[in-house]
């Protein structure tokens, strides 16, 4: 770390971001210059025109916008901000299980007879799935490791209609995904239960996310030695002001937006009143949503659930006594119970099919193919960059040039009736975000476009979503983050301590603003520094206002760099509807004038590559050493040109889960999690 401080002199960093900065990100920013561009870290429903949102050409103009011009443009646009917020009647997209008639059942049986051997499943099988760690929002090829939310969701849907599947046995282990994905998985469990088949959960480390999913099952079991961490939630904010002071680094931060906590983390030693307010509201939203979900699933009052949490229970027996789990059993005992339920002899093996194999079963085999109308799904997950970097692996980031190509292919094709942009991104490169926004806007002029948010769609992620006709988010999606912070580091004291000297010769009044870190800013330089940040913020905010058909004054109230949950964003007009991908599909059908009860074919535009180079790239990235990965990451970040517009990671933790972690490890985890 010390070598980085000595070798890489800090320059100015304007950044749209929110949440926590980390030591890694702070060190990696030292070589970035000042850039003043904006950064962006089912039945009976009323149907409006699918192209109901107009966009102003002013959104592409960097010139100042007067209040008179803004008012005129807002009057010309449909004033539907309030109607979307309060009165818009969107279809729910809720699954309605339909029993098959004799003919449909016969057709499915015939298809299963001619299925490939690797797609055949024994009758009376139990689908086994293990949820753990990170869950990607991207599709994965058969050569990829890890879990994929689209494939988990599809497996639940297939299993509900598959006559060979008797039920689901779900192992739930510690999860590292966000609450948006947790909510989506829980929704699919509840939908699966409508089929009348059983779903049994098994949990050995009981945290809040894990239990939130597990309690939605018909039955939940745990071994006698299971750990219970149902203690509550924490949110952490880290500050580098004191550390910088000790080593002689003086951050000069220009923060536009009172909730832009990224600047605080560089300059402050403790949390600001505004940051405390924002994080407290986010925490309250998550906690209230958890209490509500558990209350509904267990049939207990919310106050009783909260009272149990506040007792600090660690014995798994207490969960059984309170009716929070069905029973205490080992895995083999649960399997024995399932054998008895399915009439399998004790000395015989329980017929099962695992997640990997069942993911290969085609929906066509089960009669679940769609109709003639097609809706394109374009998945955009990860940190945003313009071009593919040396550490990029397939599906790990949003590469603008690749995504733009896919967006254009959908726009130019007449076979797609609508498109869904599925976003799971904290942002990234500002220019890349803007270029993709432009392409999504052009797509929205030719056919309905629905933005569906997963765990996070903030800063650059939200910037992309603004171009869609309708935005759908989960209750706990982290979104918004419309603000700007510009930071410059003065190293005069550090240089003095280590005996280092640097002389700068320049031409041009403001030339040294980019690189003279050996001295503080002159008054005229500080003035330009502040004006450039204010200009960048106004561009971002005004574009957001125009995209959302909202007066600038109202957008200013919800901007200020504040991160919102999807629920709060919905009530403030930043989001149109709450729900998952199924609701986005239903809205897309509505906007495209497709009857809601009519089947459609969903075409995944972002399918994983099966080419040999990409496969080898994925394998290589999975075996590379941690030290090389971190070194390469730092090298890549320090040489990146352009504005980075991301919402840095906000760490919501379950109390007790990371008690052995040090602050430095937390900072590293915090930054790396923001790149996922």
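Cβ atoms are placed via backbone N, Cα and C, with glycine included.
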Looking at the candidate ranges 61-93, 94-126, report the one that TrEMBL labels region 'Disordered'. 61-93
Within 10 Å of each Cβ, count the other Cβ atoms and name the one among the active-site residues 260, 459 with the highest count. 459
The rounded CA-CA distance in Å from residue 260 (active site, proton donor/acceptor) to residue 459 (active site, nucleophile) is 11
